[in-house]
Number of protein chains: 4
Amino acid sequence: MTCSCHESKTTESDLTIPENDVLITSNDPHHPANLICELCKTFYNNGWVTGTGGGISIREENNIYIAPSGVQKERMVPTNMFVMDLKTHEYLRKPEVYKPSACTPLFLSAYEMRDAGACIHTHSQAAVMCTLLFDKVFEISSIEQIKALPKITEAGNLWYSDKLVIPIIENTEKEEDLTGALQKAIIEYPSATAVLVRRHGIYVWGPTVWKAKVYNEAIDYLLELAVKMKQMGIPTVKNNS
Amino acid sequence: MTCSCHESKTTESDLTIPENDVLITSNDPHHPANLICELCKTFYNNGWVTGTGGGISIREENNIYIAPSGVQKERMVPTNMFVMDLKTHEYLRKPEVYKPSACTPLFLSAYEMRDAGACIHTHSQAAVMCTLLFDKVFEISSIEQIKALPKITEAGNLWYSDKLVIPIIENTEKEEDLTGALQKAIIEYPSATAVLVRRHGIYVWGPTVWKAKVYNEAIDYLLELAVKMKQMGIPTVKNNS
Amino acid sequence: MTCSCHESKTTESDLTIPENDVLITSNDPHHPANLICELCKTFYNNGWVTGTGGGISIREENNIYIAPSGVQKERMVPTNMFVMDLKTHEYLRKPEVYKPSACTPLFLSAYEMRDAGACIHTHSQAAVMCTLLFDKVFEISSIEQIKALPKITEAGNLWYSDKLVIPIIENTEKEEDLTGALQKAIIEYPSATAVLVRRHGIYVWGPTVWKAKVYNEAIDYLLELAVKMKQMGIPTVKNNS
Amino acid sequence: MTCSCHESKTTESDLTIPENDVLITSNDPHHPANLICELCKTFYNNGWVTGTGGGISIREENNIYIAPSGVQKERMVPTNMFVMDLKTHEYLRKPEVYKPSACTPLFLSAYEMRDAGACIHTHSQAAVMCTLLFDKVFEISSIEQIKALPKITEAGNLWYSDKLVIPIIENTEKEEDLTGALQKAIIEYPSATAVLVRRHGIYVWGPTVWKAKVYNEAIDYLLELAVKMKQMGIPTVKNNS
């Protein structure tokens, strides 16, 4: 949340763009390379990506923008970004000083199996706590915020009294080894726009970056509320009988 | 909380205003179209309107300014605003790309039944938790912050030892279907400046936007405190006998 | 936390100062009239003065600067300030549109009985919760943060294993009616630099505004920690036997 | 989080640098004297260094930069900094109005025994709570965030199912008297990059300031999560049998 005055001045004086930076250079704040940096600052302030945890990927047509592995997510700049061709899985841009994100195969699963436009991964403590308080799936019903989430298998969003179900997969030692379980969950839960990972965090995707962001916010709100409900002994799924 | 340097520059260069934007174009930060955007950023940072939830409407004489449905509340700009004539219920300004807020009939109830100047709707987790911890009404007494709230049925504010009572109505599948229950609660609780909606959130209004904002802050403080008191087994209504 | 670019521009163009504004007009950010505005923004972001609650007063020699009653503490500007002569209790500056703070006699007690340089009043929820969890006094010992607080009756600060004791007085319907009990507590607890008010909040003072701010932060940290300790069944006073 | 526009203007007009300020004067935001100020603002906003608590030291080759004792950590400027020669332990710069930090011998232990590049000390409430909830050591396993922390005794970071162990030493009346116990813990726990101090806080170090910052964030995340797990009766070390 520092003032961007200086940064913008610097940008204005950068009149010549190195050739391999064309993909990540734009004055448009909505360009994926800029947006990843901006959104990660917000995610950091929410405690979702502290300690280099978590990340985000945005797709623009066939170009996938991915934040590098192990960097401070709130301090990224566009030149940190990896860019991959979705069809060939080849890197169009690969900053030498960084390692590609271990989340890459997981992001690709969301792009290829669900035609996602963006995928967000956080280490949200509400997400981790819910994976400790729920068994195979996270379930909640009859909370207004549920209406911010999509039905996926048909048009439109969930209704207030619908039950939101998010599958929970078991964590693995290496992040990339989650890919199989994630893909299985995507197939078995065709209505899900997110997958929780036990003792780890959550992956949330959507057709656009803004939808992914909104889904992630709405789900995190529900995860946080669910922890509070559990603390007070209130069931998260309402018995409507 | 980004620096507004760039935005203000942009505004200064906007020398010609499209005709249908006159209603929402002003350099005055207190103009309803500007104020809705600013206050929603604050509400977002408080966790009250994340995931596109919640909203706010401000009345200026007979013009009602309303944020659109389903948009990210912290990213709104004045051109997003709907403007309705309070007397005719006709839209004076209706941005084609957005849907009118489903809260509109609820905001109108506050304007028409209580002559409100503004109405705030949040999905505050403290509000939702209190609707799970209280039955027909939320009640709290003998907390200093109560003195920030109005008596409504007579001049002046509540005293420290007065009991604040906020009715809780049941949620409905569609937000607009809340209107009947909200209006009933407004009639049955003439001292209330807010109505809680079970498993959903809260509506708070006041004679001006600033009073509505202050009432909402004071009530949310009390809702949050009430949850903490319940957690520790402390009754929210003090037995003065 | 908005950018101050515009405000500073406005200030630069204010070349002529109305006569009665001399007392509250300064380019020095440490001038009491500027500092009250800045600190109240911080207090607001901490949840200490939401809903117009709480306040602060700073003394500069014999001039006491006091924020007005019932205003939004995060939106104050220097022209809102009251200025009182400490010796005569006469207002040197009294903005007509505002009411003097009901805290004024309480602030005066700290100035006159303890030669304070500033006094802070918050509605901190940690303070209110501690007044519900403790009886006549708040007590905590053997926490490092205690060392930020003064001994008062002798030079220097408390040691780690010293017991911090803050008296709790009962709340009254009107804030000014607290004065007698506050003064009694100041006399009976000569080591206290703060007084808690049951179901209301806290008053903290110090020889300078910065010391008052630091004391308030350190005490609030300890109040918040004490609530967490009580929740886990940990006594706040360590048994060293 | 105030806008830095004015500060930068001030800096630009400071054309002549007093001789003893050369060590702490730089336009590079990554210069230790600037970075200490910036990071302490973030730590303050996290509640880690309120009430003048906590601190940070950065080493640049043989120069150690240390924030002074008892100052408001969020309001420091580069001229507040002490600079010490790591080899001679002599001050290269010693601002007369301030006291050297009582943490100095503790920071030196991290520099000399572990060749650290920076050392962070916070009064994090999660750290204090964990020292009240754990006995000789803090232990947690099978949480993804653990992977942000180093093995120390061999290359690379911990795996997901590894157990993170942080020793807890007993607090002393004077901060400098912690040195012996801290050094003993550093020797006895060669895999630790941090030491908790009972009822006090935590010391975290790393080979660079950025690694120290990331380690501190990751550890604090785990401390906070551990408190939540304890509240819900969930063991922090997973039984994998």
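Start at 1 and count along the chain as shown; that gives each residue its number.
Keep in mind that glycine also has a Cβ here, set from the backbone N, Cα and C atoms.
Feature annotation from TrEMBL assigns active site, proton donor/acceptor to D:Glu144. The Cβ of D:Glu144 (active site, proton donor/acceptor) lies under 8 Å from the Cβ of D:Tyr160, each of these being in the same chain and 6 or more residues away along the sequence.
The substrate binding site annotation in TrEMBL covers D:Cys103. Look at D:Cys103 (substrate binding site): DSSP puts it in coil.
In sequence order, D:Gly54, D:Gly55, D:Ile56, D:Cys103, D:Leu106, D:Phe107, D:Gly201, D:Ile202, D:Tyr203, D:Val204 are the residues near D:His121 (Zn(2+) binding site), counting only same-chain partners six or more apart with C-beta under 8 A. Residues or ranges marked as Zn(2+) binding site by TrEMBL: D:His121, D:His123, D:His200.
The domain 'Class II aldolase/adducin N-terminal' annotation in TrEMBL covers D:34-227. Mean pLDDT for the domain 'Class II aldolase/adducin N-terminal' (D:34-227) in this predicted model: 97.
Around D:His123 (Zn(2+) binding site), a 10 Å sphere centred on its CB holds 27 further CB atoms from the protein chains shown.
Filtering the recorded positions D:His121, D:Glu144, D:His200 for a Cβ under 8 angstroms from any Cβ of chain C leaves D:His200, in order along the sequence. Applying an under-8 Å Cβ distance to chain A, the recorded positions D:Cys103, D:His121, D:His123, D:Glu144, D:His200 reduce to D:Glu144. In the three-state DSSP classification, D:His123 (Zn(2+) binding site) falls within coil. DSSP classifies D:His200 (Zn(2+) binding site) as coil under the three-state reduction.
Reduced to three states, the DSSP call for D:Glu144 (active site, proton donor/acceptor) is helix.
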